[in-house]
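Novice: So that we are looking at the same thing, I have put the structure below in structure tokens.
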Amino acid sequence: MSRNPPSDDPTTPLLQSAVAKPIAGADQTLGSQGDVDSELRWNESVIQAWRVLATFFCFIVVGANDGTYGLCDYYELDYAAVSVVFLSPCVGYVAAALVSNWTHEHFGQRGVALLGSACHIVAYVACSQHPPYPILVSLFVLAGLGNGVLDAAWNAWIGVMAQSSRLMGILHGFYGLGAALAPLAATSLITSRGWHWYQYYYLMVGGATIETVTLTIAFWSARGTSAKVEHHQSNGNRAHTKLSWRETLRGSPTIQSLESAATWIICLFIFIYAGIEITLGGWVFTYLVRQRGIPPFAAGMANFAYWAGLTSGRVLLGFLTTYLQIGQYTVIVYVAACLAFHFVFWLVEETKVSVAAVAMLGFFLGPLFPEAVIALAHRLPKHLHIAGIGIAVALGSAGGCVFPFITGALAKVAGIQILQPMVLGMLVLCLSSWVVFTSMSRRESFR
């Protein structure tokens, strides 16, 4: 890969990571995670700290978005039909992968904040009006676009900061917090106060409104002009050279990222991981109620325990990972722990043990996503961080739509007990993809 000199032009914080220091070539070895961008720190200024806090709140909304409550009964749907709701955001995530880097280049982080939060508000307001089911599915596509754009942008930005393991753990901890509070609030309001499923979206509208205000204020000065400047610099300062459309296309960060094997393998890892996370979070309630005969409130608490475990795992293990110093084996250890607790959940039907096993399964699942993003940031040259991480996160997150849909479709035929072998298979695939990634050299990543 080509080397680019540091630029004196002002850039948004996201793009400073791409021009602050020379880019490592494909035959070079990057330093420790704290060296990915030692000049970009969360507390280097008041506005920087405010921006980081705004992304944390944004991830609460993103996490709370990933749930469906009471749709089966309200719309009189079977497993396969309701699982379409899980699949529909996949279209939004794919669209986010295509527009993420372009949005950064032309509108900066301000454009990302406005686009993503606007998608959330429109989708949630419409969902609160309990529209016909086909329209509801299209609204989940829109919400998926918002999630994909915001998820990719803030992962790419925070993933290259100093102390990235800790910050990414906290960022995704807030995602888990939103995902944990959502079923707790929905279950309480629906079972105790007699709310309908769509009234839960009143809360989501409020959260999305706060998200819009905080993100817009925080990133208002982060425009896209400097992104275009950086893009030209990352392609060798060829502003005065007339290039063919093929050369221009091949020189774009998006195309270069798509040519990287590392991008695709981490994309696959995240795709499978997101499938595990959302499949468990979306179907464990139904599994416990219909397969184990657990009362709905207790099943809701188990769902809360899962997301609470995932949240605490991301924060606590994110800090612990810094001190373990076991490098690429960190993820292997965590996946092995997930496999162990999954077997406990599968084989032991006692309610308290099941709840504890689900919580611990979430605990060790928690840090996998952040660690994958950080690993990709280490592997890619800096000028590909925005596009590469954006593609991997946006496309990979679509797994959170595809696998719950497949689980629902299979559950219609084989029963909800299919959840357990599905999760086991995904954990094995997740581990396999990570082994492939860690076995690749940096040079092989760009073949």
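Every residue gets a Cβ built from N, Cα and C, even glycine.
Those TrEMBL annotations? Automatic predictions, nothing curated.
As annotated in TrEMBL:
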type: TRANSMEM; residues: 49-67; note: transmembrane segment
type: TRANSMEM; residues: 79-99; note: transmembrane segment
type: TRANSMEM; residues: 133-157; note: transmembrane segment
type: TRANSMEM; residues: 169-190; note: transmembrane segment
type: TRANSMEM; residues: 202-222; note: transmembrane segment
type: TRANSMEM; residues: 261-284; note: transmembrane segment
type: TRANSMEM; residues: 304-324; note: transmembrane segment
type: TRANSMEM; residues: 331-348; note: transmembrane segment
type: TRANSMEM; residues: 354-377; note: transmembrane segment
type: TRANSMEM; residues: 384-406; note: transmembrane segment
type: TRANSMEM; residues: 418-437; note: transmembrane segment
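Each of these features: where is it, how hidden is it, and who are its neighbours?
Specialist: If one looks beyond the transmembrane segment (133-157) by at least 6 residues along the same chain, the residues whose Cβ comes under 8 Å of a Cβ in the stretch are 13-14, 17, 55, 58-59, 62, 65-66, 75, 77, 81, 84-85, 88-97, 99-100, 103-104, 109, 112-113, 115-120, 122-124, 126-127, 168, 171, 373, 385-386, 389-391, 393-394, 397, 401.
Below 8 angstroms of C-beta separation, residues 63, 163, 165-166, 168-170, 172-177, 179-184, 187, 277, 280-281, 284, 330, 334, 355-356, 358-367, 369-371 of the same chain, each at least six residues beyond the ends of the transmembrane segment (304-324), sit close to that stretch.
Proximity of distant same-chain residues to the transmembrane segment (331-348), defined by a Cβ-Cβ separation under 8 Å and at least 6 residues beyond the stretch ends, is recorded for 317, 354, 357-358, 360-361, 364-365, 367-368, 371-372, 420, 423-424, 427-428, 430-431, 434-435.
Tertiary proximity for the transmembrane segment (384-406) is limited to same-chain residues at least six positions away from its ends with a CB under 8 Å from its CB atoms, namely 14-15, 17-18, 66, 83-84, 86-90, 93-94, 96-97, 100-101, 104, 144, 147-149, 151-153, 155-156, 159-160, 252-254, 256-258, 260, 262-263, 266-279, 282-283, 372-373, 376-377, 422, 426.
Through the fold, the transmembrane segment (418-437) approaches residues 262, 265-266, 268-269, 272-273, 275-276, 279-280, 283-284, 287, 291, 328, 331-332, 335-336, 338-339, 342, 345-346, 368, 372, 375, 403, 406-407, 410-411 of its own chain, all at least 6 residues removed from its boundaries and within a Cβ separation under 8 Å.
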Novice: For the transmembrane segment (169-190), give me same-chain residues lying six or more residues beyond its boundaries with a C-beta closer than 8 angstroms to one of its C-beta atoms, as numbers and ranges.
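Specialist: Sequence-remote neighbours of the transmembrane segment (169-190) are 55-57, 59-67, 69-70, 154-155, 158, 196-197, 199-200, 203, 281, 285, 296-297, 300-301, 303-304, 306-308, 310-319, 321, 362, 366-367, 369-370.
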